[in-house]
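All remarks here apply to the structure that follows.
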Amino acid sequence: MSQLDRRTFLRGAASLGAAGLGLSMAGTSAFAQNALNDIISAPRRGNWDDQFDARASTSSQQQVATNQPVMSPQTVSYVQNAIAEYSNIAMQGGWPQVPGNAKLKLGASDPAVSVLRKRLMITGDLPQSAGLSGSFDSYVDAGVKRFQSRHGLPADGVMGQFTYSAMNIPVDVRLGQLQTNLGRLNEIANVNAQRFVMVNIPAALIEANENGRVSQRHTAVVGKIDRQTPLLVSKIHEVILNPFWTAPKSIILKDIIPVMRKDPTYLTRNKIRLYDAQGQEVPPESVDWNTDEAVRLMFRQDPGKINAMSSTKINFHNSHAVYMHDTPQQSYFNKMMRFDSSGCVRVQNVRDLDVWLLKNTPGWDRQTIENTIKSGENRPIQLADPVPLHFVYVSAWSTGDGVVQFRDDIYKMDGAAELAIGTDA
């Protein structure tokens with residue numbers, strides 16, 4: 001699969017949600033989180049998707065796991081080592097292009113496997129002792145899984161289109177990616193805080209860090225290519241359990257009003273109440289849905305499992321009107337391309353993060369948090385110790401043991417067309 005084809009394919013996958021809702025970028029409505037879609041198609045919680053993080057922990061992925069924070073001086077040193085390593089690879093001629101005309105996997109026998117073995121050996125994903133035979137054995141399977149894990153791909157051991165594409169990016173492009181990200185890491189590595197949260201946008205990953213180590217990692221969903229999650233530095237000051245969700249005017253006008261014309265029970269079924277400027281509740285049946293008068297009303301969804309933010313909203317001061325939150329659509333975390341939001345950050349296993357954030361706030365242990373969520377009571381909680389928060393863009397890094405991580409340059413910030421998922425290609 002060519003790089004152009006890959007970018008086109010991923011572009012389409014990442015923009016499906018935008019085409020479905022056609023939401024406006026006006027004002028803060030750009031960050032409305034595709035809430036209407038969340039509400040309409042939200043599955044009830046408690047399904048198998050809730051266990052995605054635990055099930056994803058395979059032995060090959062554990063090889064590339066570390067509790068070293070991405071934002072640390074040690075990471076800068078490791079990336080410098082990686083640059084030296086990849087420079088040496090480049091001086092020796094780089095790596096071969098692996099023929100991508102077969103979906104190779106365990107048990108296959110193909111001349112291309114010999115090339116694949118050599119490619120994996122050059123970047124340390126396969127030991128030299130494994131040899132160069134054309135057999136796709138358990139050693140090659142483990143090597144492919146290791147490669148996939150450190151490129152943010154599903155570690156299934158199958159040489160599919162996305163694995164071929166990542167594997168065949170030239171060494172000079174990867175070297176440039178490392179050099180670009182070294183500059184970024186130099187700027188953000190020294191965090192003067194014992195506890196802080198990092199959201200790495202191209203990795204769609206969250207780290208909760210404490211005393212120089214990663215305490216928790218969370219899979220995230222971040223902004224679409226055309227509704228990007230912003231880079232920012234702030235402090236988390238509030239956790240809201242069982243939050244209300246208020247629909248922005250763009251969603252009211254472009255989505256809810258047309259739905260109500262077709263299905264007058266929609267608001268009631270989804271527990272969305274209407275309020276006038278005086279705070280009085282307005283019955284939906286009293287509104288003329290054939291006009292735009294409804295935009296003068298406030299649309300507020302009650303807390304609960306089908307709420308667009310589900311159990312949790314995490315607030316921090318910023319000028320972009322973004323926040324972090326739970327979601328009823330847990331299946332989004334199972335996607336390879338987790339760039340589906342309108343700018344805010346959805347957090348998998350968010351209750352673990354709630355507990356960590358509220359650790360120093362008296363009266364809020366895990367049991368109390370769980371009981372409050374179960375009660376359905378809307379409960380804003382001010383953190384006793386606000387936690388520093390960093391939204392960063394790091395698409396290449398290393399946290400030791402010779403493992404170098406790469407991610408797609410989803411927002412075209414790295415300056416290399418081969419790394420970007422284009423919106424104009």
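Here the Cβ of each residue, glycine as well, is placed from N, Cα and C on the backbone.
Nobody curates TrEMBL annotations by hand; they come from automatic prediction.
According to TrEMBL:
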- His325: active site, proton donor/acceptor (ACT_SITE)
- Cys344: active site, nucleophile (ACT_SITE)
- 56-69: compositional bias 'Polar residues' (COMPBIAS)
- 195-372: domain 'L,D-TPase catalytic' (DOMAIN)
- 48-69: region 'Disordered' (REGION)
- 1-32: signal peptide (SIGNAL)
Cβ neighbour count (within 10 Å, all chains shown) around His325 (active site, proton donor/acceptor): 24
Between the residue listed as 'active site, proton donor/acceptor' and Cys344 (active site, nucleophile), the C-alpha gap once rounded to whole angstrom: 8
C-beta crowding around Cys344 (active site, nucleophile), within 10 angstroms: 26
DSSP-derived class (H/G/I helix, E/B strand, else coil) of the residue listed as 'active site, proton donor/acceptor': strand
